[in-house]
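Take a look at the structure set out below.
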Amino acid sequence: MRAVCLMLTALLMLEYVCRSDTMSTCKSLDLELVKRKRIEAIRGQILSKLRLPKEPEIDQEGDTEEVPASLMSIYNSTVELSEEQVHTYIPSTQDAEEEAYFAKEVHKFNMKQSENTSKHQILFNMSEMRSVLGTDRLLSQAELRLLIKNHGLLDDSEQRLELYRGVGDKARYLKSHFVSKEWANRWVSFDVTQTLNEWLQGAGEEQGFQLKLPCDCGKPMEEFRFKISGMNKLRGNTETLAMKMPSKPHILLMSLPVERHSQLSSRKKRQTTTEEICSDKSESCCVRKLYIDFRKDLGWKWIHEPTGYFANYCIGPCTYIWNTENKYSQVLALYKHHNPGASAQPCCVPQVLEPLPIIYYVGRQHKVEQLSNMIVKSCRCS
């Protein structure tokens, strides 16, 4: 009986939250009030994800100082990767769910210039990575990114690009990607998170990947009919310049520093659904557009890029959900029996959320980080 009473108490609290929460609504509310409260919620959310106790103080020189090109390159690559993954659903593991809340620091590591570019080897300085990342960092995601340049692919032809971990006789197959003419001037990404985790925990000073085309037994070795930007052998000043170009093969790495992953919060990732935007005639749960301007709405000058973003929010009534699939149906029925005049109506809540990459600075130090679950893309009744 005590357990039932506790569950009923929890449901009463749930109803109160539904009536007052600004992210989700169970009844019609003043939209301006919802907007103001949503903006204030975002203020606290961003500071919390960055583990900042308060807004950073503005350094006038830092505000006008130009962001280094290397950081802009990292930021642009992060934005591109986020856009590519918008419609990709990746089943989340328990570890992924636990680390999803806090902002991820983003680092970009270009490949080392190698004498073996003709063999399509991509080498990385692991000592440099360990020096930059430190030892107590939780690796969240690592993507090997290659910019495809069309060389001899015909309209109706394609080649399968195979990625191997290691080079030479020790190379081990990881995954592949089909490349056709439509991939010209586009980035191909390979998830190499597990491999990077193992390399970072090891002691090797240099590690690499190898690119190959599949070999059919008894047939001549197939030639690459496309090029990968930055892998051609260059000389002199041209080589030095190429090493700094954003089109060179690189690893984009997102991680949690020790002070963030020591107190992980669990946030559940959900499968992507279609985006349902509210209209003037909407009478059910939907996404209402809301643009947040960091300077105008929050009074912040310490976020350099972007200047704002569409945070959006969920609003609209939800009908009662009484079905066998709802694991709370029996508890709700019991609650309804003991409280015939009360309501345990479901709320309109976010279903799919997307990340927001930012460049911000504390004092005169610029950083690139990715804030998870910042953009509401679809809603559901729950």
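Positions of Cβ are set from backbone N, Cα and C atoms, glycine also.
If you check Swiss-Prot, you get these features:
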DISULFID  Cys278-Cys286  disulfide bond
DISULFID  Cys285-Cys348  disulfide bond
DISULFID  Cys314-Cys379  disulfide bond
DISULFID  Cys318-Cys381  disulfide bond
CARBOHYD  Asn76  N-linked glycosylation site
CARBOHYD  Asn116  N-linked glycosylation site
CARBOHYD  Asn125  N-linked glycosylation site
REGION    23-68  region 'Straightjacket domain'
REGION    69-264  region 'Arm domain'
REGION    218-243  region 'Bowtie tail'
SIGNAL    1-20  signal peptide
*Among the disulfide-bonded residues listed here (Cys278, Cys286), identify the one with the smallest other-Cβ count within 10 Å.*
Cys286
*Within 10 Å of each Cβ, count the other Cβ atoms, then let me know which of the disulfide-bonded residues Cys285, Cys381 comes out lowest.*
Cys381
*asked:* Just to verify a number: CA distance, Cys348 (disulfide bond) to Cys318 (disulfide bond), in angstrom, no decimals.
replied: 6
*For Cys379 (disulfide bond), what is the tally of other C-beta atoms lying within 10 angstroms of its C-beta?*
29
*Cys285 (disulfide bond) to Cys278 (disulfide bond): how many Å between their Cα atoms?*
8
*Round to a whole number and give the Cα-to-Cα distance in Å for the pair Cys381 (disulfide bond) and Asn76 (N-linked glycosylation site).*
35
*Compare the Cα of Cys379 (disulfide bond) against each of the recorded positions Asn76, Asn125, Cys278, Cys286, Cys318 and report the nearest.*
Cys286
*Which has the fewest other CB atoms in a 10 Å radius around its CB: Cys314, Cys318, Cys348, the listed disulfide-bonded residues?*
Cys318
*Are any of Asn76, Asn125, Cys318 (the recorded positions) within 10 Å of Cys278 (disulfide bond) when you go C-alpha to C-alpha, and if so which?*
none
*Can you figure out which of Asn76, Asn125, Cys286 (the recorded positions) comes closest in space to Cys318 (disulfide bond), comparing Cα atoms?*
Cys286
